[in-house]
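**Student:** Take a look at the following structure, please.
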Amino acid sequence: MEGQRVEVDGGIMEGGGQILRVSTALSCLLGLPLRVQKIRAGRSTPGLRPQHLSGLEMVRDLCGGHLEGAEIGSTEITFTPEKIRGGVHTADTKTAGSVCLLMQVSMPCVLFAASPSELRLKGGTNAEMAPQIDYTMMVFKPIAEKFGFTFNCDIKTRGYYPKGGGEVIVRVSPVKRLDPINLTDRGSVTKIYGRAFVAGVLPLKVAKDMAAAAVRCIRKEIRDLYVSIQPVQEARDQAFGNGSGIIIVAETSTGCLFAGSSLGKRGVNADKVGIEAAEMLLANLRHGGTVDEYLQDQLIIFMALANGISRIKTGSVTLHTQTAIHFAEQLAKAKFTVKKSEEEEDATKDTYVIECEGIGMANPHL
């Protein structure tokens, strides 16, 4: 598909891997030849890292495209996409690079493949600077499926920083079109639940301490709901290396989902990890939006592709979300508006409505 190359400045706005994920996925979907320059230009280690490289190679393989300049440390790539193919595709970061970020770049593409896809993704399942796989399963999946597609995700092995070694298998069936979504009614919080985990040599007491500290923190603000956080010792044969962490999810009467999460680090008290996750959840419940700060940017590409007008209500719009909107407008020509929420209960809050007129992308194979 040789045509006019679309030029993307990889150094603007969020200036990191997200620009690559959004622009290469849209390039693949829309058949747009792409050049991305100044990749991660402002980062302490500029250029492609292993997880970005494996994401790029995966998109190339999904469509049998042509990729140049793709090596560790490279600050410029060119990508020429071809037709999206279903079937089995493997990506391995060979590090603790996040499998969830690999999913972010590949999922929109395979929805428009000719046949079902199986994505074998290897790396970190519960990694820093990325959604944990539990977030992807507990929050992203049920909300993203409102766009009218389904996927399942089988966690074979969990992998942690610094070794990685995790593997998930994602199965996705293609769709003709994506439905628009309207998530503007928050409802009231009806359930709070979660899991605190330890893996490898770490004792279960660490998970129990994280869970107990999180519950105490939430109770100070939300007194009338039972908070159920399960402490879990990951099975030895299903986890590689040592790790710990927690995710807590709040569900509302209208089916909205919010989360707070945190990972354990050497030398950091378990209580502190639990409290950090609890405080993140509480902050995400205060703004009155229908999605948390980590879901908002993940929905933008689907809103851009959907057949109709989508609306989501958010707290303050993150830089990641602003970046995703910028590139969805530049590449897909979707039209977004971001307005302060005009509802009375939001008057004193930092609450916004993101609206998008999607392009109604149709799967040419179905």
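Quick reminder: no glycine exception, Cβ is built from N, Cα and C everywhere.
Pasting the relevant annotations from Swiss-Prot:
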- HIS320: active site, tele-AMP-histidine intermediate (ACT_SITE)
- GLN104, PRO131, TYR294, ASP297, GLN298, HIS320: ATP binding site (BINDING)
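Surface or core, plus neighbours and distances: that's what I need for these features.
**Tutor:** Cβ-based neighbour count (10 Å, all protein chains) for HIS320 (active site, tele-AMP-histidine intermediate) stands at 20.
Around the Cβ of PRO131 (ATP binding site), the number of neighbouring Cβ atoms within 10 Å comes to 24.
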**Student:** Whose Cβ lies within 8 Å of the mean position of the Cβ atoms of GLN104, PRO131, TYR294, ASP297, GLN298, HIS320, the ATP site, other than those residues?
**Tutor:** GLN18, PHE140, LEU295, GLN296
**Student:** Under a three-state reading of DSSP, tell me whether ASP297 (ATP binding site) is helix, strand or coil.
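**Tutor:** Where ASP297 (ATP binding site) sits, the three-state DSSP reduction gives helix.
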